[in-house]
């Protein structure tokens, strides 16, 4: 009787080696990846972040969950991504740290999945003889380079692009589960995991659409069994993955019912499919160049439609050669064909014939980059090994030297790319620097100038911002947002007549621009045209009933008209829409002050500071009330000094408004020398940040302090 036992199926592919170093490699990916991106936590909300997160009421709650989920799935193609933002909002509101933490975690998990997927592929029966002994270091090297590559910063540090990295994570999880299912004892469990991951990926971003095809290609190339047998055994997986396309179809149908103007698809009016397609040859060639030499990067290329023969034909030849090599590899069942298909198929939804507003953006390379890295490293390993064997006649010590040389090369690459990524992350910490870099590379890009203007305005540099917005509308006269943003800056400079003209132009170009209506109403209010202001702001509310700013602006107009009860209802409505809306708290506190109710004033201020202890605007407003109230019983100079001083510290003594408040607080506390000094400093930094009328007010108050008199606001 034979004692030989029947072989048992293994969860490790044929040719697998003992997984020495696997956990070390995984730890290195996490530690090095986290180290490279630790400074990403200094990145701020900007550009689409404000619309998609800060101002997006749909993600500002999680209860009742069923209603929230219906809202998310009914108005967009990325409900899973939006749901993750909703969780972040419950954790940190409009503070960026938790969003960056989740983005980094997603990226690191994706890196680990890439490591596992590449390693298992290299250990597969078809590749084990060639790559088996180097599978772990090769896979770890590929994952490390991919994780630290600066081309990934747009998907990781730019918060709203989480859709790309989250989709990438689920895509890699789908592939990993499918690869494990080929050889696992309970392959059906891994198949279920692949389908679930694919469903989640479809809900993260539609680029996931190619995942079922990539699984089929993987099986066709790397299955250890004949293709017909693989098909018979794995058909439930293929059916399940194909069914996930239904998720996309349903989401698309839901989104189509919203009536929103599309920014992608064949109904997009920005450019034709042929204009888009012929431009993608140059765009993809640029992506290839950035993959190898990632400089200079650009947040917003403003890539023009290709028109010249040279800019179309030359890159088209390169892309045709690469596609031809990919097809040849697939037909000959070569491993390199899989990674070529990986690159082109994942890019296909965004970089082929379907028009999208932006012709080129770097985050589209999040997953395709992995294919390039794996091919380059694998080919390099094979060529390097062949050369060393030929020229050095390697014995074991020399083979060890060859591995050490390979490790040194990869280490230098990882270090270099990591330094570039750390440097690139610093741009996300300063939006003026980021957008200045965009317009430096493309001075004719209207949106770059507009965004630079917004960034400058948020830093109080309104004169510089005005110049950028004027440049924007000169480059693109039909750009409504440019006229609106110019109006905002002109209003902040106190030039309300010019602001009104800009808002009117914006509305003429985009009749449902509710923000422009609201801004127009505010400028009319400041010009004393209260009846017109009320009518215009109500128009803004009719367009977007849940726009908190418009309800607050209407309350301000009604308050000035003496309709205090109606004004209070408007402020409360704006708080119901946006519980973090600061101007509503300030306005309600102002109404309470007019009634002489100091307790209510402090209650509103305390509630807002609970949401954000470092909100200088609330501290400044309360300090101003305590320092300048016409009600003797309400004033408190010492407390006003404490609050205003902290507001100045939070703004680094670069904002004239809290500095003017601190001067008034010093005067109320009887410290006139300090009041004169601070009022003089406020006047000094005010130029270009506030309007001339405000500066005249600062000078008038300075004159009072010089005479030893505090400032009192007139009674309403």
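Every residue, even glycine, has its Cβ placed from backbone N, Cα and C.
Just so it is clear, the model here is predicted, and its values are computed rather than measured.
Residues 104, 107-108, 111-112, 115, 119, 136-137, 139-140, 143-144, 147-148, 156-157, 414, 418, 421-422, 425 of the same chain lie 6+ residues outside the transmembrane segment (21-38) yet bring a C-beta within less than 8 angstroms of a C-beta in it. Residues or ranges marked as transmembrane segment by TrEMBL: 21-38 (among others).
Per TrEMBL, transmembrane segment is recorded for 97-118 (among others).
Under the heading transmembrane segment, TrEMBL lists 130-149 (among others).
Proximity of distant same-chain residues to the transmembrane segment (155-176), defined by a Cβ-Cβ separation under 8 Å and at least 6 residues beyond the stretch ends, is recorded for 37, 40, 43, 45, 47-49, 52-53, 78, 80-81, 84-85, 96, 99-100, 102-104, 106-107, 109-110, 113-114, 116-117, 120, 193-194, 197-198, 200-201, 204-205, 207-208, 211, 214-215, 218, 241, 299, 346, 363-364, 366-367, 424-425, 428. The transmembrane segment annotation in TrEMBL covers 155-176 (among others).
According to TrEMBL, the transmembrane segment annotation covers 188-215 (among others).
Same-chain neighbours of the transmembrane segment (312-331): 217, 221, 278, 281-282, 284-285, 288, 306, 337-338, 340-341, 343-344, counting only residues six or more beyond its ends whose CB sits under 8 Å from a CB of the stretch. Positions annotated as transmembrane segment by TrEMBL: 312-331 (among others).
Panel annotation: around the transmembrane segment (338-357), residues 121, 171, 206-207, 209-210, 213-214, 217-218, 221-222, 263-266, 268, 270-273, 275-277, 280, 283-284, 287, 322-323, 325-326, 329-330, 364-365, 367-368, 370-372, 374-375 of the same chain, lying at least six beyond its termini, place a Cβ under 8 Å from a Cβ of the stretch. Under the heading transmembrane segment, TrEMBL lists 338-357 (among others).
Taken from TrEMBL, the feature transmembrane segment applies to 369-392 (among others).
What TrEMBL records for 404-422 (among others) is transmembrane segment.
For the transmembrane segment (97-118), same-chain residues at least 6 beyond its ends with a Cβ under 8 Å from one of its own Cβ atoms are 25-26, 29-30, 33-34, 37, 40-41, 43, 53, 84-85, 87-88, 91, 138-140, 142-144, 146-147, 152, 155-157, 159, 162, 165-166, 168-169, 172-173, 175-176, 179, 370, 374.
Sequence-distant contacts of the transmembrane segment (188-215) (same chain, at least 6 residues past either end, Cβ-Cβ under 8 Å): 77-81, 163-164, 166-167, 170-171, 173-175, 177-178, 180-181, 234, 236-238, 240-245, 247-248, 251-252, 341-342, 345-346, 348-350, 364.
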